[in-house]
Amino acid sequence: MGIVAAIGVLLPFPFYWWLWTNPQSWVNLCGQGKDPSTVMARVSHVLKAAQLLSLFSVASLSWPPPLYFWPVMAFGQFLNFRVYQLLGEAGTYYGVRFGKNIPWVTEFPFGVIRDPQYVGSVMSLLACLSWVPFQYIFLWCLGYVFMMLVESKEDPSARAKPIS
């Protein structure tokens, strides 16, 4: 396993863990006038690009992809887009942890699939197994499982207070 690619795949998860467990530190670091969810989204997009570059560095792309690729990737991405559509940026990027009031959502896929964004992301990764060595997909999926466990233990008293 290429150590640089493995580090690239795992790069976002310590950041997400730190934000989830230390939301007030992030709110303070962002400062007044900066939306912590928006800043998190921007940093997350850079980290996601690093993850994707890491996967491409070890991938063997070929065309056409196997038939399973299309439905698995399509449904995985549908879940991701649907979660973002329902929660918006603040709901997707830890707004509740940063002291924002995020309404509870029950529309599909919520209430049907537990952690639908992570499930969609894992499905999208699994769709790429014909191109990317298993160990990198597995490592990335372990990161998602780790974050599902971390986020399942949300303590409302540890939420950040917005900077006034």
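Even glycines carry a Cβ here, placed using N, Cα and C.
Residues annotated as transmembrane segment in TrEMBL: 46-63, 124-150. If you look up TrEMBL, you'll see A74, F75, G76, E154, D155 marked as S-adenosyl-L-methionine binding site. The feature topological domain 'Cytoplasmic' is assigned by TrEMBL to 153-164.
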Identify, in sequence order, the residues in the chain of E154 (S-adenosyl-L-methionine binding site) that are 6 or more apart from it along the sequence and have a CB within less than 8 Å of its CB; answer 'none' if there are none.
V96, R97
Sorted by position, what residues of the same chain at least six away from F75 (S-adenosyl-L-methionine binding site) have a C-beta under 8 A from it?
G120, M123
Sequence gap of 6 or more, Cβ distance under 8 Å: name the residues on the same chain that satisfy this around G76 (S-adenosyl-L-methionine binding site), in order along the sequence.
V119, G120, S121, V122, M123, S124, L125, L126, A127
Number of other Cβ atoms within 10 Å of the Cβ of D155 (S-adenosyl-L-methionine binding site) across all protein chains:
8
List, by number or range, the same-chain residues at least 6 past the topological domain 'Cytoplasmic' (153-164) whose CB is under 8 A from its CB atoms?
21, 23-24, 26-28, 31-32, 36, 96-100
Three-state composition of the topological domain 'Cytoplasmic' (153-164), taking helix and strand from DSSP:
3 helix, 0 strand, 9 coil
Cβ packing number for A74 (S-adenosyl-L-methionine binding site), 10 Å threshold:
13
